[in-house]
Amino acid sequence: MSFRRIKPFVDDDGSGHCGQENVMNDSVGSRGGNKAEISGSNDDGTTWGGNEPEDGDDDMDMEGEESDEEERPNAQVAISHISFGTLAKAQKSIVRERQRSQSLSKRDWVTDTKAQLAALKESQGIKPLKLQKTREELKRSSKHAPQEISSKRAVTRRREAVAPIIPAAQAARDPRFDTAVKGVYDEKVFRKNYSFLDDYREDEMKALKQEIFKSKDEQKREQLKKELLSMESRRKTEKNKEQGEKVVREHRKRERELIKQGKKPFYLKKAEQKKLLLAEKYSKLNEKQLEKVLEKKRKRNSQKERKSMPLSRRVG
């Protein structure tokens, strides 16, 4: 029993159909052929009851090769009748799918990278950035509690030649620098209120000295020495400032008494204030300490003079 493939035929209008008559003829012919083959006989008079398998396989292979060769030109004819609009739509859909797959792969890579960075930060102990508080988080706990408002404001992209006049009700107020809340800053009052911090600084300096003495790491010791030197210089500057203010206060007190006696007021200049400050400073020193201070000052002045001299006049 032989089989044959049904091939579509393409007409001029592009519509394909199958030949039913040919199929029927082929089927009838195949049946008749089978009967002839079954009742066939050889030349020598001997009869046989079936086809030989080898001849049947060869016929099938030959028919398959012929049908493939016939289908190729038919497929090309069918493709030639496809409109350009259909081809363009197919091409767009292919490009869209390719872009979508690329964007998905890129998005997956970004999420994986972010997850790796977050895990690395957690392993190193780095705290994540604080996110901006939402409106629900900024709500007050009670109506008597102060309202919390974000200080972050977007910077305008437009250049403002003249600053706009903002009403007092809409102007932002920082309570740290608001005179209505804190009042006017007075350095004397501030120093008096926070004078207890000087005792804390003295304790810190003592602890630093002990740590420098016990430390065996040279790099750490140098860092602690720099910190201690900075604290000592700051304390010395504050003491000199307080001493200068004390000299000015005493001078003003004497001048007030002289004004009451009918004399004209005398106002100290900066140079006179420095002289009075040095005189009071040297009066508290003994002879040896005074000689050391004067010797240091002499050396300092000589070095300044040498720096101001031309190179040709500098000697040894």
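Cβ coordinates come from backbone N, Cα and C, glycine included.
What Swiss-Prot records for 1-110 (among others) is region 'Disordered'.
Residues annotated as compositional bias 'Acidic residues' in Swiss-Prot: 52-71.
According to Swiss-Prot, the feature compositional bias 'Basic and acidic residues' maps to 94-110 (among others). For the compositional bias 'Basic and acidic residues' (94-110), no residue of the chain approaches it from at least six positions outside its boundaries, judged by C-beta separation under 8 angstroms.
Here Swiss-Prot flags 131-158 (among others) as region 'Disordered'.
What Swiss-Prot lists as coiled coil is 202-309, and the listing cites sequence analysis.
Under the heading compositional bias 'Basic and acidic residues', Swiss-Prot lists 228-248 (among others). As a summary of secondary structure, the compositional bias 'Basic and acidic residues' (228-248) carries 21 helix, 0 strand, 0 coil according to DSSP.
Per Swiss-Prot, region 'Disordered' is recorded for 228-261 (among others).
For the region 'Disordered' (293-316), the residues of the chain that approach it from at least six positions outside its boundaries are 282, 285, judged by C-beta separation under 8 angstroms. Taken from Swiss-Prot, the feature region 'Disordered' applies to 293-316 (among others).
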Confidence summary (mean pLDDT) of the coiled coil (202-309):
87
Within the compositional bias 'Basic and acidic residues' (94-110), residues counted as helix, strand or coil by DSSP:
17 helix, 0 strand, 0 coil
